[in-house]
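Undergrad: Below are the features I grabbed from TrEMBL:
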type: BINDING; residues: Gly655, Pro656, Asn657, Met658, Ala659, Gly660, Lys661, Ser662; note: ATP binding site
type: DOMAIN; residues: 729-745; note: domain 'DNA mismatch repair proteins mutS family'
Amino acid sequence: MNAPLSHPPKTDLKPDAGTTPVMAQYLSVKAGQPDAMLFFRMGDFYELFFEDAQKAAAALGIALTKRGKHQGEDIPMAGVPVHAMDGYLARLIRQGFKVAVCEQLEDPAEAKKRGSKAVVHRDIVRVVTPGTLTEDTLLDARGANRLAAVAIRKGRAAVAVVELSAGVVDSVACDLSDLGAALAAFRPSEVLVPDRLFSDETMKGALDGSGGVVQAMPQALAEPVGAKDRVQRLYGVSALDGFGAFEEAEISALGLIAAYLETTQAGKIPALTPPRRSGESGFLAIDPATRLSLEIDRTQRGERDGSLLHAIDRTVTSGGARALAERVSRPLRDQAAINAGLDAVEWLLERRDLRRDLRDALRASADVARATSRLALGRGGPRDLAAIRSGLKTAEGLSALFAASANDPLAGPPARVTACLDQLALEGDLSHLLAELTDGLMDEPPHLARDGGYVNPGHRPELDAARTLRDDSRKVIAELEAKAVADSGVAFKVRHNAVLGYFLETSAKAAEPLLRAGPDSPFIHRQTLANQVRFTTVELSELDAKISQAGHRALAIEAETFEGWRREVARLAGPLQGVAEALAELDAHAALAEWAEEVGAVRPVVDDSLCFAVEAGRHPVVEAAVKAQGLPYTPNNCQLAGDGVGASRLSIVTGPNMAGKSTFLRQNALLVVLAQAGAFVPARSMRLGVVDRLFSRVGAGDDLARGRSTFMMEMVETAAILTQATGRSFVVLDEIGRGTATYDGLAIAWATAEALHETNRARTLFATHYHELAQLEERLDHVCNLSMKAREWNGELVFLHEAAPGAADRSYGVQVARLAGVPTAVVGRAREVLERLENEKAATARLDDLPLFAAAEPPPPPMKSMLDEAVAAIDPDELTPREALEALYRLKGMAKG
Ligand SMILES: Nc1ncnc2c1ncn2[C@@H]1O[C@H](COP(=O)(O)OP(=O)(O)OP(=O)(O)O)[C@@H](O)[C@H]1O
C-alpha cells in the first residue's frame, strides 16, 4: 500500500487579518496535526478545508465547494454528514490516510452565553490511523489489526506490537537478520520507524516485507530514557522491571508505540496487557518471502481464500479466528509447547459430543476482547456491554459443561485446556458484573448510549419513576388535545418541535376566530406560518416543562448507569481480556480438532531429533481444490534426516512441468508449519524433529516495484538462505537459477545444493529442471533423487503426481507445451531442435570431474572498498579540526553513493 501519510501542507496556513474566528480555530487545530486529514465538526457535518478537502474529494468522490477566503484565495471545502462518518473513514484509512477527528466539545448554546461572536470550543478527540482502529465497522472481525514499531540499538533489533482493539501488547527482541521474519509474523497494518533508520538496508527489507503502512517517527522519541518514561506512563507504573528485563531496542520500540498512542488517542489511556515478551527463539522463523511463497495466511495475491489458514479454519467466533491465525502465522519452536497444543487438540478430537456442545456455546458469545477495549477507551456503547455479558454467560456455561470431565482423574483435560477453564471460572468481580448486566441491561440494547433505552425497568427505581412521568404525561397530552378540540370547536393537533416544545396547531382559516378572541381566551398565540397557526395553553406549557424534565432526567440516569458499568469494565479489563483469550483459545483448539476429523489428519510426533518423515502426506489446500473438481489427490511420502541417519539430508526432485513438484515441496513445508502450530497434519503419519527456520523459494515472481528482476530476487533470497539456514532448518527450493543462461543457472543451482548439503546441513528439498544435478546423489553422502512420475500413454502425457526414488529420465517440456495448446507446427519444430541438442549432449558438460565442494578454492579476500581506502588514507593526528570535519563530510558522501 502506498502511504500518503506525510505531506507538508502547501497552503500557508497562518491566520491573517481577514481570518474569521472559526477559521482561526481551524488553523490552530490543524497546526497540531499537519500530516493528518482534519475532520472538523460543524453541526451535523465534518468539514474539510484546503488541501484536505481536495484530497478527500478525490479519494471519496464527494463534492468540492468553497467557503470564504484565505489570503485572497477561495478556501476549498468538502464535508461528510456525521451519521455517515464511519463509511467515509473506512475508505480513507484503507487508502492509507490518517484522519484527525475534531469535535465540538460544548453545546453551541453554552458558547452563545460568552457572547454572540464566541466560537464553540473544539478539539481533536482522536487521530484514526490504520493500526489504531477499534470500531467493528472499520475492522476485519476475523483478522487482528496491529500497530508495530521497530527499533535497532546496539546491534540488536526489536519489534513492539499492539493490537489496540484487543488490548494485547507483544515485544520481540532479535538479531538484525531476524527482523524481517519477526515483523512479518505479526502482519501489522501500520509500522512506526525512527526516521534515522529509514535508509538502513536491514530496515528497508523488513519494512517492505511487512505489508503495513510505514510511518516515520522522530528519532528523539526512540531514545531509551524518554521512551521508558512514556511506556511507564502508558501503563501507569513507576518501573518496568515487573514486566521483565527489556533490551534497549525493545524499550525504544515500545516507547514509539506509547508516543503514538498518546497523540492518536488524544490522551485516553487504553487498557493494555503487559508486553508479552518473546525472543525469536520461541518461534519458527519464517521470513516474508517464505510466508508469501507458502501462502500461509494470505495468497500471493493478498486474498485469504486459497491460503492455508482459510483451508483449515473451522472456528466459530471472531476471537477464535484471530487466535488460530496467530497460531498458524507464528508456529512454535519449543517441543514441549508444541506438544501441549497437540494434547489439547487430541483431547477435543476424542470427545465429539463435548466438542459439539463447546462449539454451540461459543457460537452464542460475542467479541468480548474488542468490546472491552472500546469501552475502556470510552468509545463503546450499550451493545458492547451486551457483548461482554454474552461472553461472561458463555464462560459460565462452559465451566458447567466441562465440570464432569475436569474432575475425571484418568482422562481429565490437558494443561492448555485446564488453563483456559481456570480463566473462565468467574469469581468475585466478574461474576458480580455478569449479574449486574443481566439484571440491568436490556436484551437487545441500541448501539449508542446517547438516546437511552437500554436500562431494564426495575433496575433503578428513580429511572422507572422518571420514565413513568414522561410516558404518562404523553397520555395526558393526548387527552389535552381532545379537550382543546371540544372547548374550541377547532380541529387542533398537538405537535412538538425543539424550539416551541409542545403546541396546538390548526389551519390559518380555522384559527381566525381564536385570533380575534380577547385576552381571556385560554388559547395563547405562539406563531403564524403561511398555512398554519400555533397556540398553547397554560396547562400545555406546564406539561411540556414536566415532560422534558422527566425525559432529561431519565436520560441522565441511564447515562450515569452506563458510565458506572463502563468504568467497571475498564477496571476489570485485564480479567475480561483473560476470559476473551480463553474463549478464543478453546475455539481454536476445537476448530483444529474439527478440521482434523473432517480431513483425516493425524497427530504428528514432534521431538528433538533431526528427522522429517512423512507417510502419505497431502497438501491441505491443493487437495481441497483437486477434490472439488472431482479428482483424486495422490498422497506422497517424504523422508529427510538432518544427520543423514536413516534418510538423506537433501533430495533432488526432478520431473516434468505440471507433474506436481511445487505442490510436493510446499506440502512438506506446510506440514512443518501445521505441526509446529500444534495442529494435526493431513498424512498417515509424521515424525518431525523441531525446525528452527523454514525457507521456501517456490516460483519467485518479479518485484518490479523494487526494481529487481526475477533472477535478482531469486539470488537475494538464495543468499538469505545460505547465510541463515542451520542444521535444524528446513528448506524447500524450486528451480533456482532458471532465470539466467543455462550454464550460469546450472552452476548456481549446483553450488547452492552442495553448500546446503555440506555447510548449512539443513533438511532440504531441491526441485530442479537441471537433470545434471541428479549426479550429486553419487558425489555427496546424504543426497537422494526423487522424481515426480509421469507416463506417456498412447502419445499422451499422464501425470501420476507421485514422488518416487530416482531421477526423471527426461523433462517432457515439449509434451507439456503441446498439452498447453502450443500450435502443432511449433511443437514439431521444437522436437527437431531437442533431438539435435540431445545428440550433441551440449548440456552435459563433464561435471563428474569437478573437485568436491569442500576442496574447492577458498574465495579471494574481499576487495577493499573506496571507502576503506579513503579511511585508511586519513591520519587523524595530522588534521586540523576543520580538515577533520571536511573529511567526515567527504566520507559520509562516499558512504551514501
Ligand atoms: N499429489 C497430487 N495429487 C493430485 N493432483 C496434484 C498433485 N500434485 C499436483 N497436482 C495437480 O497438478 C497441478 C500442477 O502441480 P504443480 O504446480 O505442483 O506442478 P509443477 O511440477 O511444480 O509444475 P511446474 O514445474 O510447471 O511449476 C496442481 O495444480 C494440481 O492440480
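Cβ from N, Cα, C; glycine included.
Note that TrEMBL annotation is computational and uncurated.
For the listed features, I'd like the structural context: burial, neighbours, distances.
TA: For Ser662 (ATP binding site), the Cβ neighbour count at a 10 Å cut-off comes to 21, with all displayed protein chains included.
Taken together, the residues in the domain 'DNA mismatch repair proteins mutS family' (729-745) have a mean pLDDT of 79 on the 0 to 100 scale.
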Undergrad: Would you mind sorting out which binding-site residues among Pro656, Ala659, Gly660, Lys661 put a C-beta under 6 angstroms from ligand 1?
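TA: Checking each Cβ against ligand 1, the ones under 6 Å are Ala659, Gly660, Lys661.
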Undergrad: Among the binding-site residues Gly655, Pro656, Gly660, point out the residue whose Cβ has the most other Cβ atoms within 10 Å, with all shown protein chains included in the count.
TA: Gly655
Undergrad: Minimum Cβ neighbour count within 10 Å among the binding-site residues Met658, Ala659: which residue?
TA: Met658
Undergrad: I want the residues beyond Gly655, Pro656, Asn657, Met658, Ala659, Gly660, Lys661, Ser662 whose C-beta is within 8 angstroms of the mean position of the ATP site's C-beta atoms, in chain order.
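TA: Neighbours within 8 Å of the Cβ centroid, excluding Gly655, Pro656, Asn657, Met658, Ala659, Gly660, Lys661, Ser662: Met788, Ala790, Phe799.
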Undergrad: Just to verify: the residue among Asn657, Lys661 with the fewest other Cβ atoms within 10 Å, which of the binding-site residues is it?
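TA: If we count Cβ atoms within 10 Å for the binding-site residues Asn657, Lys661, the smallest count is at Asn657.
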